[in-house]
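These notes are about the structure you will find just below.
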Ligand SMILES: CC(=O)SCCNC(=O)CCNC(=O)[C@H](O)C(C)(C)COP(=O)(O)OP(=O)(O)OC[C@H]1O[C@@H](n2cnc3c(N)ncnc32)[C@H](O)[C@@H]1OP(=O)(O)O
Ligand SMILES: O=CC(=O)O
């Protein structure tokens, strides 16, 4: 039996949900679902060890991989040699065209954190990707503005599928929901491998064994589709605390298919909070917006990422500065200055390129990397032999300067509820207070509220965070938002539930997905 679709089939959905594509997906599901489940259970076991007082360290059992100087990842694939400016964003039709016209070298086409896994988003996203790859995509907005692809070089498309934890409840195999990761991977790969090389950004992995699972998925897919080994390429986001201790092993597992690593800073912060949320002051971060990339634990992580990548011939791609353009001139100038500073630090540290959230920032990122790369397509030769990062440095969260404040608590509440409201409506990335907010940044906000409450943190003004305070601030922040229409009541209820519950929700997207039609 093939995969079964249990959701409405709108116009053109039959072009994506073809019998052959569903058969391919069902084959992947049957082969890999038991391992996916086992690896998710392994995450839980590892967390239980941490909660019981354990710590993170480089793995003893993979020492040989780290100490073997001889191996390298595959040479950079066509379209992925020069990655100095990468734009990220959802795959809705208008933004797909805007991203492809942006002048970036790469477009991260996001089926993950900048997207809501609403059924329509997922399937229409695949249609948009297919039309984009074919070069036929166009769009007319409700206001009558026409969008089409401009002439000139276009970014290489790199699709970010959902993480291993997310199910796709609208497609069943043998009565079970399939993995969202496999749906996004399979449908894109199946429909586009004739016209383009299938490239991916892989999110939220917690171990090299999860990378091994992806590698086996690639091997199987290549064989099933008649593609030469190594055609599929993947850049892995190092964005969980455990993965920072396994960067080299992750490259090794995917070496035939590797296109490097990316420093997914926002999810990384979320993971630091999540994994050591009950460990007290040693792992207590100050207000979200005060944690910069230059604090010791973030610096250790990015330095290790660049040196690990370049030692193995892999690209190191920088992360997202969340400042976005504004209509207010002063705010806009400050946003560009902050992004310039961030990209300059990354380029000087040896990154080969970096991310921007908005087309208006592509030129800035390009200019900064041009300044360091010049005519070279990347700086893989900058092996950063000066870098030595210890486990203790990766774990040094305690040295992060800054305070936990009522303003920070309020901001976390306000951002968390606003983001959830947009998410429930089907929008996965929004601008709030001149910052790009997506699932990763919102995860930090709601996790800090949980952590500060459940460990009774004392704010800088002496107040202790307790249930009464959080409930009062939720009331006040909701009053300030003055919500009308939309899905505010559900967003507030979900945020409150996640903030106050004894059990920490592993991902905000899981309970939110249950509330989605
Ligand atoms: C932590 C991480 O995982 S980061 C990676 C995931 N996050 C993302 O990818 C976020 C990407 N960015 C975005 O989604 C958007 O920039 C937002 C939501 C933050 C702001 O979007 P808007 O409010 O539409 O911004 P703004 O009004 O300035 O946009 C101007 C134009 O640029 C377009 N645009 C803005 N960002 C993008 C983008 N990333 N890709 C393509 N087009 C974009 C808008 O669609 C709009 O087009 P139009 O003029 O043709 O209507
Ligand atoms: O996915 C990227 C991040 O910063 O999180």
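Cβ atoms are placed via backbone N, Cα and C, with glycine included.
Whatever TrEMBL says is automated annotation, not expert-curated.
Summarising the annotation, TrEMBL assigns domain 'Malate synthase N-terminal' to 4-63.
Annotated domain 'Malate synthase TIM barrel' per TrEMBL: 156-396, in sequence order.
Taking a C-beta cut-off of under 8 Å and a sequence gap of six or more, residue 160 (active site, proton acceptor) has these contacts in its own chain: 88, 108, 109, 110, 111, 112, 113, 200, 201, 202, 203. DSSP assigns residue 160 (active site, proton acceptor) to a strand in the three-state reduction. According to TrEMBL, the active site, proton acceptor annotation covers 160.
The average pLDDT for the domain 'Malate synthase C-terminal' (404-515) in the predicted structure is 97. Feature annotation from TrEMBL assigns domain 'Malate synthase C-terminal' to 404-515.
Under DSSP, residue 438 (active site, proton donor) is assigned to coil, being neither helix nor strand in the three-state scheme. Other C-beta atoms found within 10 angstroms of the C-beta of residue 438 (active site, proton donor) number 26, with every protein chain shown included. Look at TrEMBL and you will find 438 tagged as active site, proton donor.
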